[in-house]
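Asker: Take a look at this one; I'll ask things after.
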Amino acid sequence: MNKSTSDLKKGSGVIGRAGSKSSEKVEGRKRTTLQAQRFCGGFNDCMSMGSIVSNNHQPHQPHQHHHHQLTSKLEQQVGDLEREVQKQKELQIMYRKRMERTQDYLRYCLQVAQENGFLDLIIHGKDAPQSNIMNASTNSPQTPTPLHHHKNSDLSAVTLQAKLNGWYIAQDEIEFKEKIGHGSTAEIYKGTWRGLDVAVKCIRPDFFETNENGVSFFAQEVETLSRQRHRLVLQLMGACLDPPDHAWVVTEFLTTTLKDWLHGPGNRRNKAERAFPLPPLEDRLAKALEIAQAMQYLHEQSPKLIHRDLKPSNIFLDDAMHVRIADFGHARFLSDKEMALTGTYVYMGPEIAMEVVEENLRPRLPDDDDGRLEELLDLIRLSWNGDASIRPSFANITGMLKKLLKRLIY
């Protein structure tokens, strides 16, 4: 009995432990299932949320198109404003120059009024002596005021500048010598001024008679030359500003032109034959470099100065064979966006001009047998390209010529 009871207790313990283990396994499975369900539910939620987020971030095509249109419109408005600002700057430069000329002219008028005795009448309304007014009406012999001075404010302003800065030359100060050249509008003489040998460019009277703007053109040439301060630009000594008979531009005296140096004096009848060989390539490149430096100086002024008639006969050489850019009769101040026609090509035959523009007519370039001229020939072709945007600036030409010359010499 005791043994049976003991065995029964043992069996019950075994069964209890087995049941407990079975219950633990069932509970473990339930927990695993519940965790899996929770995980799957969370994963599904993440997937659904990701889908929502993804859908929310898809590009909205109409909105993007509207944004692009708005950006393009703003860019166009900015471009229009920039162009308007540039236009206003150019107008400001132009009106500033006009104001300066007007101020100079007013100072000149006040100076004439003071010298003739009726300045008080202008300023204070006082009566000036009748004798002074009569003298003024017949022109004071000390200060002649020709009629054309009053008709052209440009010439009056330049005359005042010349007197104030000491380069006004009276007609009796020049001693004329032999004639040394001529152009389409002027004769050029050798002369003496205050002990110096000078070149005197005398504008022909018929230029003023046949050209209603002739006086303004003359004043512009003198004023332009008076502003230049460069060792490779012809130096103005002074001017006689009394057109039409005494319109003289007085400069340093130089006799040799680049044309003479390259081809010999005078005009060759047979262009194919030379009286003597060309100067060495290194010397020609040195002259080209100096010309480029002078033109860079002119073009980098503000506003830029365009020569418009650059050619060998308008370039002089001094005693040391350095160049001088001369003849600013066709020169003009231009803004960056303006373009200029040339002076010489105005007189070119239309059939030649058409060939240059439409048929790409260009001078024949020499053969480059040894490869020394390749870069120079490329520079020449770039410089006469029909597309102005492709042509190099004189600043770039200066840099290229320096490198070429250095390579040839060393």
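Placed from the backbone N, Cα and C atoms, the Cβ positions cover glycine too.
TrEMBL does not curate its annotations; it predicts them automatically.
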Asker: Quick one: sort out which of 1-31, 125-155 is the region 'Disordered' according to TrEMBL.
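Answerer: From TrEMBL, the annotated region 'Disordered' range turns out to be 1-31.
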Asker: Report, as a single number, how many Cβ atoms besides its own are within 10 Å of the Cβ of Lys201 (ATP binding site).
Answerer: 22
Asker: What kind of secondary structure is Lys201 (ATP binding site) part of, going by DSSP in three states?
Answerer: strand
